[in-house]
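What follows is a short report on a single structure.
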Amino acid sequence: GPLCSILVKRFGCRFVVMLGGLLSGLGMVSSSFCKSISQLYLTAGLITGLGSCFSFQAGLTVLGYYFVRWRTLANAVASTGVSLGFMLWPLLSQYLLDKMGWRNTFLIFGGILLNCCVCGAIMRPIQLASGSLLESAKPKEEPGSGAEEAQLSNGASPHHPTLQQHTRRTKCFQMLQKYLAFDIFCQNKGYQIYTIGVAWTMMGFTVPHIYFVTYAIHNGVEERKAALLISIIGLINIFIRPVTGLLSGHRIFTGRRIYLFSLAVLLCGLSNFICVISAEFSMLILYCVILSIAMSGIGTLIFQVLMDVVEMDRFSSALGLFTILESITLLIGPPLTGFLVDITSDFHYVFYNSSFFLISAALFMGLSFCALEKKNKLREASKACLDNPSRYQYSETPTEPKAESQSPPAVQYITSI
């Protein structure tokens, strides 16, 4: 995530999307020649994962610049690609494995992922409000430069070991602050709450998807029918996500999308209890329908809410730290659940574990943002009271009517050209 943020700042979104497509395809093609699972960790895991991150994160960033008014709907429509892949990938994978074997399947997947290069090539470059794609040639004075100049003026050599060490520490801190958004995390309470809440959500969000097919087969469902269940989730997502984006983009939800997101996470957690109650195929289909609706809300709003709580010019950096924290919990959640299933031999712990993290995360985000909103309203009210004390005082002293003040000139913000 942070590496992608640095590359986006330096080379732009188009280049990073194309680089991601190249890495993804290279990773999949290399996987077809692997002879051990450890080699697949490197090719299908590290290389393909790195490429997928570059393509996805850079594509998401450029989408935020392309759209302002219809940004939520644009996110929803764009994310239907995820749903389409979610629907087709299990069926295509099963078909190719049966007909061509796993090595040729990896080769074909590599060719498919190389199309990300084509997608990146047709992306329109973004021209920021400054009118330039590049940063200003005149360097800004950075924190710590004054201290260095003071030391130099006192006779300290620029090659002095102490000064060099101080300079390295300063530059390292500035890099972390710029590309990992630590300053935003410490100062912006909304970003802080949301990042922690989503990271906690990811502990349980992907767990049912990983174990769902195995759970269905374990309870007597045929392998092809079990794979079809995942495709049903993707199919429903294709139609629900644009509707969710259109509704959540309405002005009545402006500033309140975090509550819709929390509600979607809560519904996702509650839906897991359907699988606990029964593992019949009809009940599993019902679970897929409800889970799809909840997933549509999460997939549509997860990055839109992030755009709401941070400024767009820092979105790429904020997304970098956001990605790190949620990726850590994504790494922890599935193995932890697998360990519980191994020691208990009970697949119900998959859904218990997922529901615990999802429901607790939904309550944490919803209640925390509600408390934060009340706190901000009280602060604004007290500030208004201090700024306009005469508004709350009665005076009998006559005053002369003042001339109507001119309205301030309108300010135009250029988001894209």
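Positions of Cβ are set from backbone N, Cα and C atoms, glycine also.
Note: TrEMBL annotation is automatic and uncurated.
For reference, TrEMBL has these:
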type     : residues : note
DOMAIN   : 1-378    : domain 'Major facilitator superfamily (MFS) profile'
TRANSMEM : 12-33    : transmembrane segment
TRANSMEM : 39-66    : transmembrane segment
TRANSMEM : 73-92    : transmembrane segment
TRANSMEM : 104-123  : transmembrane segment
REGION   : 137-164  : region 'Disordered'
TRANSMEM : 193-214  : transmembrane segment
TRANSMEM : 226-247  : transmembrane segment
TRANSMEM : 259-278  : transmembrane segment
TRANSMEM : 284-306  : transmembrane segment
TRANSMEM : 318-337  : transmembrane segment
TRANSMEM : 349-372  : transmembrane segment
REGION   : 390-411  : region 'Disordered'
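Beyond its flanks by at least six residues, the transmembrane segment (73-92) meets 59-60, 63, 66-67, 227-228, 230-235, 237-238, 241-242, 244-246, 248-249, 296, 299-301, 303-304 of its own chain at Cβ-Cβ distances under 8 Å. Against the transmembrane segment (226-247), stretch 284-306 shows more Cβ pairs under 8 Å than any other of 104-123, 193-214, 284-306, 318-337, 349-372.
Between the transmembrane segment (104-123) and the stretches 12-33, 39-66, 193-214, 284-306, 349-372, the greatest number of Cβ pairs separated by less than 8 Å involves 12-33. Sequence-distant contacts of the transmembrane segment (39-66) (same chain, six or more residues past either end, CB-CB distance under 8 Å): 1, 4-5, 7-8, 13-14, 16-17, 19-28, 30-31, 74-75, 78, 106, 113, 116, 119-120, 123-124, 126, 303, 307, 312, 315-316, 319, 323, 415-416. Using a Cβ-Cβ cut-off under 8 Å and counting only residues 6 or more beyond its ends in the same chain, the transmembrane segment (193-214) has close neighbours at 185, 226-227, 229-230, 258, 262, 265, 268-269, 272, 275, 291, 298, 302, 305-306, 309, 321-322, 325-326, 328-330, 332-334, 336-338, 341, 347, 350-351, 353-358, 360-362, 364-365, 368-369, 372.
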